[in-house]
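Dropping a structure here in C-alpha coordinates format, bear with me for questions.
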Amino acid sequence: MEAKQRGNQQINLQHGEPHSHSPAYQAVLRAGPRVRPLQQAHAQIVVLGKHCNLALLTKLLTLACAAGSITYTRRLFLTVSNPDSFLFNSLIKGSSKFGFPYDAVWFYRRMLLADISPSNYTFTSVIKACADLSALRLGRSIHSHVLVCGYGSDSYVQAALVAFYAKSSELSIARRLFDRIPEKTIVAWNSMISGYDQNGFSREAIGLFDQMRELGVEPDSSTFVSVLSACAQLGAIGLGCRVHDYVVSNGFDVNVVLGTSLINMYCRCGNVIKARNVFDLMSERNVIAWTAMISGYGIHGYGREAMELFGQMQIQGPRPNNITFVAVLSACAHAGLIQEGRRAFADMKQEYGLVPGVEHHVCLVDMLGRAGLLNEAYQFVKDLNPGELTPAVWTAMLGACKMHKKFDLGVQVAEHLLAVEPENPGHYVMLSNIYALAGKMDRVELVRNMMIRRGLKKQVGYSTVEVDHKTYLFSMGDKSHPEIYWYLDDLMLRCREAGYVPAFESVMHELEEEEREYALRYHSEKLAIAFGLLKTSVGMVIRVVKNLRMCEDCHSAIKYISVVCNREIIVRDKLRFHHFNNGSCSCLDYW
DNA sequence: CTAGGGTTAG
(Lines of atoms letter the chains of each structure in order from A and count residues from 1; the text may use other names and numbers.)
(Lines give C-alpha, C1' and ligand atoms only; values in the text may rest on other atoms or scores of the structure.)
Protein backbone atom coordinates (compact mmCIF):
# COMPACT_ATOMS: atom_id res chain seq x y z
CA MET A 1 0.00 0.00 0.00
CA GLU A 2 2.78 2.26 0.99
CA ALA A 3 4.41 1.52 -2.31
CA LYS A 4 1.27 2.33 -4.27
CA GLN A 5 0.90 5.72 -2.62
CA ARG A 6 4.44 6.57 -3.44
CA GLY A 7 3.90 5.34 -6.97
CA ASN A 8 1.06 7.82 -7.38
CA GLN A 9 3.21 10.66 -6.22
CA GLN A 10 5.68 9.70 -8.85
CA ILE A 11 3.09 10.26 -11.56
CA ASN A 12 2.70 13.87 -10.44
CA LEU A 13 6.40 14.35 -10.79
CA GLN A 14 6.60 13.07 -14.32
CA HIS A 15 6.68 16.55 -15.80
CA GLY A 16 9.57 17.60 -13.61
CA GLU A 17 12.74 18.66 -15.37
CA PRO A 18 15.53 16.10 -15.55
CA HIS A 19 17.94 18.51 -13.85
CA SER A 20 15.63 18.66 -10.85
CA HIS A 21 17.51 15.57 -9.65
CA SER A 22 19.84 16.30 -6.80
CA PRO A 23 23.58 16.17 -7.50
CA ALA A 24 23.86 13.02 -5.38
CA TYR A 25 21.14 11.27 -7.38
CA GLN A 26 22.74 12.37 -10.63
CA ALA A 27 26.06 10.96 -9.47
CA VAL A 28 24.43 7.57 -8.81
CA LEU A 29 22.76 7.56 -12.21
CA ARG A 30 26.00 8.52 -13.93
CA ALA A 31 27.85 5.73 -12.16
CA GLY A 32 25.56 3.04 -13.57
CA PRO A 33 26.22 -0.61 -12.75
CA ARG A 34 29.95 -0.15 -12.05
CA VAL A 35 31.45 -0.64 -8.63
CA ARG A 36 34.17 2.05 -8.53
CA PRO A 37 31.96 4.92 -9.73
CA LEU A 38 29.24 3.74 -7.37
CA GLN A 39 31.69 3.91 -4.47
CA GLN A 40 32.53 7.47 -5.44
CA ALA A 41 28.86 8.35 -5.68
CA HIS A 42 28.34 6.82 -2.25
CA ALA A 43 31.12 8.97 -0.83
CA GLN A 44 29.38 12.02 -2.27
CA ILE A 45 26.08 10.96 -0.67
CA VAL A 46 27.76 10.74 2.71
CA VAL A 47 29.50 14.11 2.28
CA LEU A 48 26.24 15.74 1.24
CA GLY A 49 24.54 14.24 4.31
CA LYS A 50 22.02 12.26 2.23
CA HIS A 51 22.87 8.87 3.72
CA CYS A 52 19.37 8.61 5.24
CA ASN A 53 17.57 9.06 1.92
CA LEU A 54 16.09 5.61 1.29
CA ALA A 55 15.06 6.25 -2.30
CA LEU A 56 18.57 7.28 -3.16
CA LEU A 57 20.07 4.33 -1.32
CA THR A 58 17.71 1.90 -3.04
CA LYS A 59 18.91 3.06 -6.44
CA LEU A 60 22.49 2.76 -5.30
CA LEU A 61 22.04 -0.75 -3.95
CA THR A 62 20.17 -1.97 -7.03
CA LEU A 63 22.99 -0.77 -9.23
CA ALA A 64 25.61 -2.35 -6.97
CA CYS A 65 23.77 -5.63 -7.36
CA ALA A 66 23.52 -5.22 -11.11
CA ALA A 67 27.25 -4.52 -11.17
CA GLY A 68 27.69 -8.09 -9.98
CA SER A 69 29.33 -7.25 -6.68
CA ILE A 70 27.25 -8.86 -4.00
CA THR A 71 29.93 -8.19 -1.37
CA TYR A 72 29.74 -4.48 -2.00
CA THR A 73 25.94 -4.67 -1.98
CA ARG A 74 25.95 -6.39 1.39
CA ARG A 75 28.44 -3.91 2.84
CA LEU A 76 26.29 -1.03 1.66
CA PHE A 77 23.18 -2.68 3.04
CA LEU A 78 24.74 -2.85 6.51
CA THR A 79 25.15 0.92 6.50
CA VAL A 80 21.42 1.49 5.99
CA SER A 81 19.89 2.20 9.40
CA ASN A 82 16.21 1.53 8.71
CA PRO A 83 15.57 -0.25 5.41
CA ASP A 84 11.95 -0.31 4.20
CA SER A 85 9.96 -2.76 2.09
CA PHE A 86 10.99 -1.02 -1.12
CA LEU A 87 14.64 -1.53 -0.33
CA PHE A 88 14.22 -5.16 0.67
CA ASN A 89 12.16 -6.03 -2.39
CA SER A 90 14.71 -4.42 -4.68
CA LEU A 91 17.54 -6.28 -3.02
CA ILE A 92 15.82 -9.65 -3.09
CA LYS A 93 14.81 -9.14 -6.69
CA GLY A 94 18.28 -7.99 -7.69
CA SER A 95 20.15 -10.79 -5.97
CA SER A 96 17.97 -13.52 -7.38
CA LYS A 97 18.03 -11.97 -10.84
CA PHE A 98 21.78 -11.50 -10.99
CA GLY A 99 22.68 -14.95 -9.74
CA PHE A 100 23.04 -14.60 -5.98
CA PRO A 101 20.27 -16.84 -4.69
CA TYR A 102 21.84 -17.32 -1.25
CA ASP A 103 21.90 -13.57 -0.73
CA ALA A 104 18.31 -13.29 -1.90
CA VAL A 105 17.34 -15.69 0.86
CA TRP A 106 19.53 -13.87 3.35
CA PHE A 107 17.91 -10.53 2.55
CA TYR A 108 14.52 -12.20 2.80
CA ARG A 109 15.34 -13.36 6.31
CA ARG A 110 16.56 -9.90 7.26
CA MET A 111 13.30 -8.51 5.98
CA LEU A 112 11.30 -10.82 8.23
CA LEU A 113 13.58 -10.03 11.19
CA ALA A 114 12.97 -6.33 10.58
CA ASP A 115 9.27 -7.14 10.88
CA ILE A 116 8.41 -5.98 7.36
CA SER A 117 5.71 -8.01 5.62
CA PRO A 118 6.68 -9.62 2.34
CA SER A 119 4.45 -8.98 -0.67
CA ASN A 120 3.67 -11.04 -3.77
CA TYR A 121 6.65 -9.32 -5.39
CA THR A 122 8.90 -10.46 -2.59
CA PHE A 123 7.67 -14.02 -2.89
CA THR A 124 8.19 -14.36 -6.64
CA SER A 125 11.82 -13.32 -6.28
CA VAL A 126 12.65 -15.41 -3.25
CA ILE A 127 10.91 -18.47 -4.71
CA LYS A 128 12.99 -18.11 -7.86
CA ALA A 129 16.08 -18.07 -5.64
CA CYS A 130 14.92 -21.31 -3.98
CA ALA A 131 14.33 -22.82 -7.42
CA ASP A 132 17.87 -21.91 -8.48
CA LEU A 133 19.18 -23.56 -5.32
CA SER A 134 16.80 -26.55 -5.52
CA ALA A 135 16.29 -25.73 -1.84
CA LEU A 136 13.28 -27.90 -1.24
CA ARG A 137 12.85 -27.50 2.51
CA LEU A 138 13.30 -23.76 2.42
CA GLY A 139 11.00 -23.42 -0.54
CA ARG A 140 8.32 -25.43 1.18
CA SER A 141 8.45 -23.20 4.23
CA ILE A 142 8.24 -20.12 2.05
CA HIS A 143 5.29 -21.72 0.28
CA SER A 144 3.42 -22.00 3.59
CA HIS A 145 4.35 -18.43 4.32
CA VAL A 146 2.80 -17.49 0.99
CA LEU A 147 -0.45 -19.15 2.05
CA VAL A 148 -0.42 -17.51 5.48
CA CYS A 149 0.10 -14.10 3.91
CA GLY A 150 -2.79 -14.69 1.51
CA TYR A 151 -0.88 -14.75 -1.77
CA GLY A 152 -1.76 -18.34 -2.64
CA SER A 153 -3.85 -17.30 -5.61
CA ASP A 154 -1.51 -14.71 -7.07
CA SER A 155 -0.80 -15.95 -10.59
CA TYR A 156 2.83 -14.85 -10.56
CA VAL A 157 3.51 -16.57 -7.26
CA GLN A 158 1.75 -19.72 -8.47
CA ALA A 159 3.84 -19.95 -11.64
CA ALA A 160 6.99 -19.40 -9.60
CA LEU A 161 5.99 -22.17 -7.20
CA VAL A 162 5.29 -24.62 -10.03
CA ALA A 163 8.72 -23.88 -11.47
CA PHE A 164 10.29 -24.19 -8.04
CA TYR A 165 8.88 -27.66 -7.32
CA ALA A 166 9.75 -28.82 -10.81
CA LYS A 167 13.34 -27.61 -10.47
CA SER A 168 13.57 -29.38 -7.13
CA SER A 169 12.52 -32.60 -8.94
CA GLU A 170 9.18 -32.68 -7.17
CA LEU A 171 7.17 -33.07 -10.33
CA SER A 172 4.04 -34.52 -8.78
CA ILE A 173 3.79 -31.63 -6.32
CA ALA A 174 4.38 -29.20 -9.16
CA ARG A 175 1.67 -30.90 -11.17
CA ARG A 176 -0.83 -30.91 -8.32
CA LEU A 177 -0.26 -27.21 -7.80
CA PHE A 178 -0.53 -26.57 -11.52
CA ASP A 179 -3.78 -28.52 -11.80
CA ARG A 180 -5.29 -26.41 -9.04
CA ILE A 181 -4.66 -23.12 -10.82
CA PRO A 182 -8.12 -22.16 -12.10
CA GLU A 183 -7.01 -19.62 -14.68
CA LYS A 184 -3.67 -20.81 -15.97
CA THR A 185 -1.49 -18.13 -17.51
CA ILE A 186 0.82 -18.99 -20.37
CA VAL A 187 3.71 -18.77 -17.94
CA ALA A 188 2.10 -21.36 -15.67
CA TRP A 189 1.84 -23.72 -18.63
CA ASN A 190 5.41 -22.97 -19.60
CA SER A 191 6.67 -23.61 -16.09
CA MET A 192 5.07 -27.04 -16.02
CA ILE A 193 6.11 -28.00 -19.55
CA SER A 194 9.70 -26.92 -19.02
CA GLY A 195 9.67 -28.66 -15.64
CA TYR A 196 8.88 -31.97 -17.33
CA ASP A 197 11.46 -31.32 -20.01
CA GLN A 198 14.26 -30.39 -17.60
CA ASN A 199 13.70 -33.56 -15.62
CA GLY A 200 13.95 -35.69 -18.73
CA PHE A 201 10.21 -36.37 -19.02
CA SER A 202 10.07 -35.37 -22.66
CA ARG A 203 6.91 -37.32 -23.42
CA GLU A 204 5.06 -35.69 -20.54
CA ALA A 205 6.26 -32.28 -21.71
CA ILE A 206 4.90 -32.93 -25.19
CA GLY A 207 1.70 -34.44 -23.79
CA LEU A 208 1.02 -31.32 -21.74
CA PHE A 209 1.77 -29.16 -24.76
CA ASP A 210 -0.85 -31.11 -26.74
CA GLN A 211 -3.35 -30.66 -23.92
CA MET A 212 -2.66 -26.96 -23.86
CA ARG A 213 -3.29 -26.71 -27.59
CA GLU A 214 -6.53 -28.68 -27.29
CA LEU A 215 -7.75 -26.14 -24.78
CA GLY A 216 -7.01 -23.43 -27.29
CA VAL A 217 -4.25 -21.79 -25.26
CA GLU A 218 -1.80 -20.01 -27.57
CA PRO A 219 1.79 -21.07 -26.99
CA ASP A 220 4.56 -18.47 -26.96
CA SER A 221 8.25 -18.62 -27.79
CA SER A 222 9.10 -19.92 -24.33
CA THR A 223 6.68 -22.83 -24.81
CA PHE A 224 8.35 -23.65 -28.12
CA VAL A 225 11.77 -23.64 -26.53
CA SER A 226 10.78 -26.32 -24.02
CA VAL A 227 8.89 -28.40 -26.56
CA LEU A 228 11.82 -28.25 -29.00
CA SER A 229 14.15 -29.36 -26.25
CA ALA A 230 11.87 -32.33 -25.59
CA CYS A 231 11.88 -33.13 -29.33
CA ALA A 232 15.66 -32.95 -29.32
CA GLN A 233 15.88 -35.42 -26.45
CA LEU A 234 13.52 -37.86 -28.14
CA GLY A 235 14.81 -37.33 -31.67
CA ALA A 236 11.22 -36.47 -32.58
CA ILE A 237 11.89 -34.66 -35.83
CA GLY A 238 8.25 -34.81 -36.95
CA LEU A 239 6.95 -32.71 -34.10
CA GLY A 240 10.07 -30.56 -34.20
CA CYS A 241 9.40 -29.62 -37.81
CA ARG A 242 5.75 -28.92 -37.08
CA VAL A 243 6.74 -26.56 -34.29
CA HIS A 244 9.18 -24.82 -36.62
CA ASP A 245 6.49 -24.45 -39.29
CA TYR A 246 4.10 -23.08 -36.72
CA VAL A 247 6.67 -20.55 -35.54
CA VAL A 248 7.34 -19.35 -39.07
CA SER A 249 3.77 -19.28 -40.37
CA ASN A 250 2.49 -17.45 -37.31
CA GLY A 251 5.13 -14.80 -37.62
CA PHE A 252 6.90 -15.46 -34.33
CA ASP A 253 10.21 -13.71 -34.02
CA VAL A 254 13.03 -16.26 -33.98
CA ASN A 255 15.09 -14.70 -31.21
CA VAL A 256 18.46 -16.09 -30.04
CA VAL A 257 16.96 -18.47 -27.55
CA LEU A 258 14.33 -19.88 -29.89
CA GLY A 259 16.82 -20.02 -32.76
CA THR A 260 19.29 -21.92 -30.61
CA SER A 261 16.68 -24.44 -29.57
CA LEU A 262 15.79 -24.96 -33.24
CA ILE A 263 19.46 -25.52 -34.06
CA ASN A 264 19.77 -27.98 -31.21
CA MET A 265 16.57 -29.79 -32.20
CA TYR A 266 17.58 -30.17 -35.84
CA CYS A 267 21.09 -31.30 -34.96
CA ARG A 268 19.93 -33.86 -32.44
CA CYS A 269 17.23 -35.10 -34.81
CA GLY A 270 19.80 -35.67 -37.53
CA ASN A 271 19.31 -32.72 -39.85
CA VAL A 272 22.41 -30.51 -39.67
CA ILE A 273 21.60 -28.75 -42.93
CA LYS A 274 18.37 -27.35 -41.55
CA ALA A 275 20.13 -26.43 -38.34
CA ARG A 276 22.67 -24.44 -40.32
CA ASN A 277 19.87 -22.71 -42.23
CA VAL A 278 18.38 -21.53 -38.96
CA PHE A 279 21.81 -20.42 -37.75
CA ASP A 280 22.44 -18.43 -40.93
CA LEU A 281 19.06 -16.71 -40.72
CA MET A 282 19.41 -15.58 -37.12
CA SER A 283 19.85 -11.85 -36.72
CA GLU A 284 21.61 -12.12 -33.38
CA ARG A 285 24.03 -14.92 -32.49
CA ASN A 286 25.61 -15.21 -29.09
CA VAL A 287 28.18 -17.67 -27.77
CA ILE A 288 25.46 -20.22 -26.98
CA ALA A 289 24.13 -20.22 -30.55
CA TRP A 290 27.63 -20.65 -32.03
CA THR A 291 28.43 -23.41 -29.58
CA ALA A 292 25.20 -25.25 -30.37
CA MET A 293 26.01 -25.23 -34.08
CA ILE A 294 29.63 -26.34 -33.58
CA SER A 295 28.55 -29.10 -31.26
CA GLY A 296 25.91 -30.16 -33.80
CA TYR A 297 28.58 -30.62 -36.48
CA GLY A 298 30.69 -32.49 -33.93
CA ILE A 299 28.11 -35.11 -33.01
CA HIS A 300 27.62 -35.86 -36.70
CA GLY A 301 31.33 -36.35 -37.18
CA TYR A 302 31.62 -33.30 -39.41
CA GLY A 303 34.88 -32.17 -37.88
CA ARG A 304 35.97 -29.95 -40.75
CA GLU A 305 32.70 -28.02 -40.73
CA ALA A 306 32.94 -27.66 -36.97
CA MET A 307 36.47 -26.28 -37.20
CA GLU A 308 35.58 -23.97 -40.05
CA LEU A 309 32.73 -22.49 -38.06
CA PHE A 310 34.94 -22.24 -35.00
CA GLY A 311 37.52 -20.38 -37.07
CA GLN A 312 34.86 -17.96 -38.22
CA MET A 313 33.73 -17.51 -34.64
CA GLN A 314 37.26 -16.61 -33.57
CA ILE A 315 37.40 -13.91 -36.22
CA GLN A 316 33.97 -12.35 -36.17
CA GLY A 317 31.95 -14.03 -33.45
CA PRO A 318 31.62 -13.81 -29.69
CA ARG A 319 34.42 -14.98 -27.43
CA PRO A 320 34.38 -18.78 -27.07
CA ASN A 321 34.00 -20.09 -23.53
CA ASN A 322 34.62 -23.40 -21.77
CA ILE A 323 31.57 -25.05 -23.25
CA THR A 324 32.55 -23.95 -26.76
CA PHE A 325 35.84 -25.74 -26.28
CA VAL A 326 34.10 -28.92 -25.15
CA ALA A 327 32.20 -28.83 -28.45
CA VAL A 328 35.36 -28.10 -30.44
CA LEU A 329 37.49 -30.77 -28.76
CA SER A 330 34.85 -33.44 -29.03
CA ALA A 331 34.32 -32.58 -32.69
CA CYS A 332 38.06 -33.13 -33.18
CA ALA A 333 37.91 -36.39 -31.25
CA HIS A 334 35.08 -37.75 -33.39
CA ALA A 335 36.67 -36.77 -36.66
CA GLY A 336 40.25 -37.71 -35.89
CA LEU A 337 41.48 -34.13 -36.18
CA ILE A 338 44.41 -34.57 -33.84
CA GLN A 339 46.50 -31.55 -34.81
CA GLU A 340 43.51 -29.24 -34.69
CA GLY A 341 42.48 -30.63 -31.33
CA ARG A 342 45.91 -30.15 -29.78
CA ARG A 343 46.01 -26.63 -31.14
CA ALA A 344 42.54 -25.79 -29.78
CA PHE A 345 43.48 -27.13 -26.35
CA ALA A 346 46.60 -24.96 -26.30
CA ASP A 347 44.71 -21.89 -27.55
CA MET A 348 42.05 -22.38 -24.97
CA LYS A 349 44.62 -21.84 -22.25
CA GLN A 350 47.02 -19.39 -23.88
CA GLU A 351 44.85 -17.25 -26.13
CA TYR A 352 41.67 -17.25 -24.12
CA GLY A 353 42.93 -17.73 -20.57
CA LEU A 354 40.41 -20.47 -19.91
CA VAL A 355 41.08 -23.22 -17.40
CA PRO A 356 40.41 -26.72 -18.78
CA GLY A 357 38.09 -28.83 -16.67
CA VAL A 358 37.26 -32.52 -16.48
CA GLU A 359 35.27 -32.47 -19.74
CA HIS A 360 38.20 -31.04 -21.69
CA HIS A 361 40.59 -33.61 -20.28
CA VAL A 362 38.16 -36.36 -21.20
CA CYS A 363 37.88 -35.02 -24.75
CA LEU A 364 41.63 -34.93 -25.15
CA VAL A 365 42.21 -38.44 -23.82
CA ASP A 366 39.35 -39.65 -25.98
CA MET A 367 40.77 -37.93 -29.04
CA LEU A 368 44.28 -39.32 -28.59
CA GLY A 369 42.95 -42.71 -27.56
CA ARG A 370 40.64 -43.13 -30.55
CA ALA A 371 43.50 -42.22 -32.85
CA GLY A 372 45.57 -45.00 -31.33
CA LEU A 373 48.02 -42.64 -29.65
CA LEU A 374 47.72 -44.56 -26.41
CA ASN A 375 51.10 -43.64 -25.04
CA GLU A 376 50.46 -39.97 -25.54
CA ALA A 377 47.02 -40.30 -23.99
CA TYR A 378 48.45 -42.11 -21.01
CA GLN A 379 51.23 -39.56 -20.63
CA PHE A 380 48.61 -36.79 -20.72
CA VAL A 381 46.66 -38.49 -17.94
CA LYS A 382 49.80 -38.99 -15.83
CA ASP A 383 50.74 -35.34 -16.23
CA LEU A 384 47.48 -34.13 -14.74
CA ASN A 385 47.41 -32.84 -11.17
CA PRO A 386 46.22 -35.40 -8.62
CA GLY A 387 43.02 -33.40 -8.19
CA GLU A 388 42.31 -33.62 -11.91
CA LEU A 389 42.57 -37.41 -12.07
CA THR A 390 38.84 -37.95 -12.05
CA PRO A 391 37.10 -41.25 -12.79
CA ALA A 392 35.79 -39.71 -16.03
CA VAL A 393 39.35 -39.24 -17.32
CA TRP A 394 40.27 -42.82 -16.43
CA THR A 395 37.08 -44.05 -18.09
CA ALA A 396 38.13 -42.34 -21.32
CA MET A 397 41.54 -43.97 -21.00
CA LEU A 398 39.87 -47.33 -20.45
CA GLY A 399 37.73 -46.88 -23.56
CA ALA A 400 40.88 -46.28 -25.58
CA CYS A 401 42.48 -49.43 -24.14
CA LYS A 402 39.46 -51.51 -25.07
CA MET A 403 39.25 -50.03 -28.55
CA HIS A 404 42.89 -50.83 -29.29
CA LYS A 405 42.94 -54.08 -27.34
CA LYS A 406 45.57 -52.82 -24.95
CA PHE A 407 45.06 -55.60 -22.47
CA ASP A 408 47.49 -54.99 -19.59
CA LEU A 409 46.95 -51.28 -19.26
CA GLY A 410 43.21 -51.75 -19.68
CA VAL A 411 43.01 -54.21 -16.81
CA GLN A 412 45.12 -51.95 -14.64
CA VAL A 413 42.92 -48.91 -15.33
CA ALA A 414 39.69 -50.86 -14.90
CA GLU A 415 40.83 -52.24 -11.55
CA HIS A 416 41.66 -48.74 -10.40
CA LEU A 417 38.19 -47.59 -11.44
CA LEU A 418 36.54 -50.51 -9.64
CA ALA A 419 38.38 -49.51 -6.47
CA VAL A 420 37.35 -45.85 -6.77
CA GLU A 421 33.78 -46.34 -7.99
CA PRO A 422 32.70 -49.85 -6.95
CA GLU A 423 29.05 -48.94 -7.50
CA ASN A 424 29.39 -48.07 -11.21
CA PRO A 425 28.25 -51.05 -13.31
CA GLY A 426 29.88 -49.60 -16.44
CA HIS A 427 33.37 -50.32 -15.12
CA TYR A 428 32.58 -53.99 -14.55
CA VAL A 429 31.17 -54.33 -18.03
CA MET A 430 34.30 -52.74 -19.50
CA LEU A 431 36.64 -54.95 -17.48
CA SER A 432 34.78 -58.09 -18.44
CA ASN A 433 34.72 -57.02 -22.09
CA ILE A 434 38.47 -56.58 -22.01
CA TYR A 435 38.91 -60.03 -20.47
CA ALA A 436 36.58 -61.47 -23.10
CA LEU A 437 38.64 -59.88 -25.86
CA ALA A 438 41.76 -61.46 -24.38
CA GLY A 439 39.97 -64.81 -24.20
CA LYS A 440 40.26 -65.01 -20.42
CA MET A 441 36.84 -66.45 -19.82
CA ASP A 442 37.55 -67.43 -16.20
CA ARG A 443 38.18 -63.76 -15.45
CA VAL A 444 35.01 -62.78 -17.27
CA GLU A 445 33.13 -65.13 -14.95
CA LEU A 446 34.87 -63.65 -11.93
CA VAL A 447 33.89 -60.08 -12.78
CA ARG A 448 30.35 -61.18 -13.54
CA ASN A 449 30.04 -62.84 -10.13
CA MET A 450 31.45 -59.78 -8.43
CA MET A 451 28.82 -57.67 -10.12
CA ILE A 452 26.03 -59.97 -9.03
CA ARG A 453 27.34 -60.10 -5.47
CA ARG A 454 27.30 -56.32 -5.30
CA GLY A 455 23.79 -56.21 -6.68
CA LEU A 456 24.74 -54.22 -9.78
CA LYS A 457 23.02 -54.39 -13.13
CA LYS A 458 24.21 -52.97 -16.37
CA GLN A 459 22.14 -50.15 -17.80
CA VAL A 460 19.20 -51.30 -19.86
CA GLY A 461 19.57 -50.33 -23.48
CA TYR A 462 16.63 -49.20 -25.53
CA SER A 463 16.02 -47.67 -28.94
CA THR A 464 13.22 -45.65 -30.41
CA VAL A 465 12.12 -45.20 -33.99
CA GLU A 466 9.67 -42.67 -35.37
CA VAL A 467 6.99 -43.87 -37.78
CA ASP A 468 4.14 -41.56 -38.88
CA HIS A 469 4.92 -39.00 -36.17
CA LYS A 470 4.68 -41.67 -33.49
CA THR A 471 7.68 -43.03 -31.64
CA TYR A 472 8.02 -46.70 -30.80
CA LEU A 473 10.31 -47.99 -28.10
CA PHE A 474 12.21 -51.29 -28.15
CA SER A 475 14.40 -52.98 -25.59
CA MET A 476 16.51 -56.09 -26.08
CA GLY A 477 14.46 -59.21 -26.74
CA ASP A 478 11.30 -57.08 -26.59
CA LYS A 479 8.21 -59.08 -27.63
CA SER A 480 5.82 -56.16 -28.11
CA HIS A 481 5.86 -56.43 -31.90
CA PRO A 482 6.15 -60.16 -32.69
CA GLU A 483 5.78 -59.54 -36.41
CA ILE A 484 9.26 -58.08 -36.63
CA TYR A 485 11.04 -61.24 -35.49
CA TRP A 486 10.58 -63.36 -38.58
CA TYR A 487 11.41 -60.31 -40.65
CA LEU A 488 14.61 -59.68 -38.70
CA ASP A 489 15.63 -63.37 -38.95
CA ASP A 490 15.22 -63.20 -42.70
CA LEU A 491 17.01 -59.90 -42.87
CA MET A 492 20.04 -61.20 -40.98
CA LEU A 493 20.17 -64.18 -43.25
CA ARG A 494 20.35 -61.88 -46.26
CA CYS A 495 23.04 -59.88 -44.53
CA ARG A 496 25.07 -63.02 -43.91
CA GLU A 497 24.79 -63.89 -47.58
CA ALA A 498 26.15 -60.42 -48.33
CA GLY A 499 29.15 -61.07 -46.10
CA TYR A 500 28.09 -60.04 -42.60
CA VAL A 501 29.78 -61.99 -39.80
CA PRO A 502 28.32 -61.62 -36.30
CA ALA A 503 30.85 -60.15 -33.86
CA PHE A 504 30.31 -62.40 -30.89
CA GLU A 505 32.77 -60.65 -28.65
CA SER A 506 30.47 -57.64 -28.38
CA VAL A 507 27.94 -59.64 -26.39
CA MET A 508 27.75 -59.07 -22.70
CA HIS A 509 29.46 -61.71 -20.70
CA GLU A 510 26.57 -63.37 -18.88
CA LEU A 511 25.36 -65.28 -21.91
CA GLU A 512 25.93 -68.86 -22.84
CA GLU A 513 27.68 -69.57 -26.15
CA GLU A 514 24.62 -70.75 -28.06
CA GLU A 515 22.54 -67.79 -26.94
CA ARG A 516 24.97 -65.30 -28.27
CA GLU A 517 23.80 -64.86 -31.78
CA TYR A 518 20.22 -64.40 -30.65
CA ALA A 519 21.28 -61.85 -28.08
CA LEU A 520 23.06 -59.97 -30.81
CA ARG A 521 20.23 -60.34 -33.24
CA TYR A 522 17.68 -58.88 -30.87
CA HIS A 523 19.58 -55.84 -29.73
CA SER A 524 17.17 -52.96 -29.39
CA GLU A 525 18.57 -50.97 -32.31
CA LYS A 526 18.13 -53.92 -34.67
CA LEU A 527 14.54 -54.37 -33.51
CA ALA A 528 13.80 -50.69 -34.00
CA ILE A 529 15.31 -50.73 -37.48
CA ALA A 530 13.38 -53.86 -38.47
CA PHE A 531 10.18 -52.19 -37.28
CA GLY A 532 11.01 -49.04 -39.21
CA LEU A 533 11.75 -50.99 -42.39
CA LEU A 534 8.48 -52.88 -42.10
CA LYS A 535 6.31 -49.87 -41.40
CA THR A 536 7.69 -47.28 -43.80
CA SER A 537 7.85 -47.20 -47.55
CA VAL A 538 10.89 -47.55 -49.79
CA GLY A 539 13.05 -44.46 -49.94
CA MET A 540 12.16 -43.18 -46.49
CA VAL A 541 15.00 -42.61 -44.08
CA ILE A 542 14.94 -44.71 -40.91
CA ARG A 543 15.81 -42.68 -37.81
CA VAL A 544 16.67 -44.46 -34.60
CA VAL A 545 17.72 -43.07 -31.23
CA LYS A 546 19.56 -45.29 -28.77
CA ASN A 547 20.15 -44.40 -25.12
CA LEU A 548 23.54 -46.18 -24.88
CA ARG A 549 26.39 -46.59 -27.31
CA MET A 550 25.84 -48.85 -30.25
CA CYS A 551 27.75 -52.11 -30.11
CA GLU A 552 30.26 -53.07 -32.77
CA ASP A 553 28.14 -55.88 -34.06
CA CYS A 554 25.11 -53.68 -34.61
CA HIS A 555 27.31 -51.12 -36.31
CA SER A 556 28.56 -53.74 -38.72
CA ALA A 557 25.13 -55.33 -39.24
CA ILE A 558 23.45 -52.01 -40.01
CA LYS A 559 25.99 -51.29 -42.72
CA TYR A 560 24.88 -54.51 -44.42
CA ILE A 561 21.21 -53.76 -43.80
CA SER A 562 21.62 -50.43 -45.58
CA VAL A 563 22.83 -52.31 -48.66
CA VAL A 564 20.45 -55.25 -48.55
CA CYS A 565 17.40 -53.01 -48.10
CA ASN A 566 18.78 -50.07 -50.03
CA ARG A 567 17.84 -47.66 -47.25
CA GLU A 568 19.45 -44.77 -45.50
CA ILE A 569 19.51 -45.42 -41.78
CA ILE A 570 20.42 -42.78 -39.21
CA VAL A 571 21.18 -43.89 -35.67
CA ARG A 572 21.85 -41.47 -32.84
CA ASP A 573 23.59 -43.21 -29.97
CA LYS A 574 24.65 -41.80 -26.64
CA LEU A 575 27.59 -39.97 -28.15
CA ARG A 576 27.02 -39.21 -31.79
CA PHE A 577 25.24 -39.85 -35.08
CA HIS A 578 25.85 -42.66 -37.51
CA HIS A 579 24.52 -42.18 -41.04
CA PHE A 580 24.42 -45.55 -42.76
CA ASN A 581 24.16 -45.56 -46.51
CA ASN A 582 25.27 -48.02 -49.17
CA GLY A 583 27.22 -50.19 -46.78
CA SER A 584 29.24 -47.52 -45.03
CA CYS A 585 28.82 -45.30 -42.02
CA SER A 586 29.53 -41.59 -41.77
CA CYS A 587 31.74 -42.23 -38.76
CA LEU A 588 34.08 -44.23 -41.04
CA ASP A 589 34.24 -46.76 -38.22
CA TYR A 590 35.98 -44.12 -36.20
CA TRP A 591 33.94 -44.09 -33.02
C1' DC B 1 14.33 11.12 -6.99
C1' DT B 2 13.42 4.20 -5.45
C1' DA B 3 10.94 -1.95 -8.39
C1' DG B 4 7.52 -3.74 -10.95
C1' DG B 5 7.07 -10.54 -10.13
C1' DG B 6 6.65 -15.98 -13.09
C1' DT B 7 8.72 -19.39 -18.02
C1' DT B 8 13.04 -20.31 -22.29
C1' DA B 9 18.80 -22.11 -25.50
C1' DG B 10 24.92 -24.51 -25.75
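Here the Cβ of each residue, glycine as well, is placed from N, Cα and C on the backbone.
Quick paste of what TrEMBL says about this protein:
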type	residues	note
COMPBIAS	A:1-13	compositional bias 'Polar residues'
REGION	A:1-21	region 'Disordered'
REPEAT	A:84-118	repeat 'PPR'
REPEAT	A:185-219	repeat 'PPR'
REPEAT	A:255-285	repeat 'PPR'
REPEAT	A:286-320	repeat 'PPR'
DOMAIN	A:499-591	domain 'DYW'
Sort out the residues at least 6 away from either end of the repeat 'PPR' (A:185-219), same chain, that have Cβ-Cβ distances under 8 Å to it, and list them.
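Cβ under 8 Å, 6 or more out: 155-156, 158-160, 162-163, 165-167, 169, 171, 174-175, 178, 225-227, 229-231, 233-234, 236, 239.
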When secondary structure is assigned with DSSP, how many helix, strand and coil residues does the repeat 'PPR' (A:84-118) contain?
26 helix, 0 strand, 9 coil
What are the DSSP helix, strand and coil residue counts for the repeat 'PPR' (A:185-219)?
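Going by DSSP assignments, the repeat 'PPR' (A:185-219) contains 26 helix, 0 strand, 9 coil.
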Helix, strand, coil residue numbers for the repeat 'PPR' (A:255-285) per DSSP?
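Tallied per class, the repeat 'PPR' (A:255-285) gives 23 helix, 0 strand, 8 coil.
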Going by DSSP, how much of the domain 'DYW' (A:499-591) is helix, how much is strand and how much is coil, in residues?
37 helix, 16 strand, 40 coil
